[in-house]
Amino acid sequence: MSEPAQEYRLVLVTGPSGAGRTTAVNALEDMGYEVIDNLPLSFVPRLIEGPAIGPPIALGLDVRNRDFNATALIELIDGLTQDARVQLEVLYVDCSASELIRRYSQTRRRHPLAPAETPAEGVEREIDLLAPVRARADHLIDTSEMSPHDLKAELARWFDRGAATRLAVSVQSFSYKRGVPRGVDMIFDCRFLRNPYWVESLRALDGRDAAVEDYIRSDPRFAPFLEKLRELVLFLLPAQLEEGKAHLSIGFGCTGGQHRSVAVAEILGKALAEAGWPVSKRHRELERRAAAVLPTHQGEKA
């Protein structure tokens with residue numbers, strides 16, 4: 001009986017110029033990844049030809065790539081995700097527009113998308129260009145208030161394969177109307193909880209607001225649900241770690257992805273962090289709304 005084929009472990013690293021992508025790929029190289037920077041997108045499929053041997057690969061991609069465009073990158077991500085031989089993670093190194101402009105002004109560098117214009121014009125253009133890619137990221141790290149040392153430490157939490165005693169957990173909220181996120185290991189449906197949307201004073205808020213959380217907690221079904229959820233997840237995490245898993249993604253869905261799923265993701269994330277597990281949080285629909293309203297949006301820390 002033949003053994004199952006080994007998986008390629010591939011991390012795609014992207015994000016706006018000046019956010020820290022180069023620092024990120026250098027940090028991954030220090031962790032033992034084979035780093036390939038600015039490879040043309042059309043060449044990437046060649047990386048997974050033949051047997052999967054050697055260290056995991058970190059592939060740096062940005063707007064300076066010769067054939068870069070967001071649509072092509074998303075198509076590449078879709079293709080790699082569907083390939084059973086590939087274990088893919090997409091890392092988006094983000095930064096607020098104001099901080100990117102400050103960094104460009106401080107270093108007096110020209111922006112690659114606007115070499116003859118102001119840094120602000122290049123930054124705005126690049127954030128708009130990369131918005132669809134940002135929405136597809138598995139890991140989102142906002143470096144707006146990070147030093148290079150802080151970024152390296154955060155990356156080590158998620159990607160240091162030598163840290164066999166760690167299991168990184170991500171919790172994310174989403175709207176069922178927009179589909180289930182890819183790459184989620186466990187999904188919990190929060191639509192049975194009382195919906196704050198129907199309370200006029202809560203409609204414009206989201207699950208991170210105390211008033212919304214209090215309303216959801218007032219549902220008599222919430223407390224037993226949270227107790228059982230916390231007990232289940234804390235039971236499963238050590239078992240997942242024993243199986244060699246480095247990352248576990250937990251999704252929470254509701255109708256609009258604004259109130260119930262966000263609140264539950266926040267509450268469970270806090271409970272897991274208090275129990276000692278590295279946790280990151282993402283709220284997909286809130287990120288999409290922020291990107292649509294304000295093109296030069298500030299990145300949300302994962």
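Backbone N, Cα and C define each Cβ position, glycine as well.
Computed from a predicted structure; not experimentally measured.
As recorded in Swiss-Prot:
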BINDING   GLY15, PRO16, SER17, GLY18, ALA19, GLY20, ARG21, THR22  ATP binding site
BINDING   ASP62, VAL63, ARG64, ASN65  GTP binding site
Per DSSP (three-state), GLY15 (ATP binding site) is coil
Taking the centre of the Cβ atoms of GLY15, PRO16, SER17, GLY18, ALA19, GLY20, ARG21, THR22 as the ATP site, the remaining residues of that chain with Cβ inside 8 Å are ASP62, VAL93, CYS95, LEU100, THR143
Students should find that the Cβ of GLY20 (ATP binding site) has, within 10 Å, a number of other Cβ atoms equal to 27
Within the same chain, the residues at least 6 apart in sequence whose Cβ is under 8 angstroms from that of GLY15 (ATP binding site) are ARG21, ALA24, ASP62, LEU91, TYR92, VAL93, ASP94, CYS95, LEU130, ARG134
In chain order, residues whose C-beta lies under 8 angstroms from the C-beta of VAL63 (GTP binding site), counting only those at least six residues away in the same chain, are SER17, PRO112, LEU113, GLU126, LEU129, LEU130
One should report the C-alpha separation between GLY18 (ATP binding site) and ARG64 (GTP binding site), rounded to whole angstrom, as 12
The correct three-state DSSP answer for GLY20 (ATP binding site) is coil
Binding-site residues considered: ARG21, ARG64; fewest surrounding Cβ atoms within 10 Å belongs to ARG64
Cβ-Cβ distance under 8 Å, sequence separation of 6 or more, same chain as THR22 (ATP binding site); the residues meeting this, in order, are ASP37, GLY60
If you measure between the CA atoms of ALA19 (ATP binding site) and ARG64 (GTP binding site) and round to the nearest Å, you get 14
Fewest neighbouring Cβ atoms within 10 Å among the binding-site residues PRO16, GLY18 goes to GLY18
Students should find that the Cβ of SER17 (ATP binding site) has, within 10 Å, a number of other Cβ atoms equal to 22
Rounded to a whole number of Å, the separation of the Cα atoms of PRO16 (ATP binding site) and ARG64 (GTP binding site) comes to 11
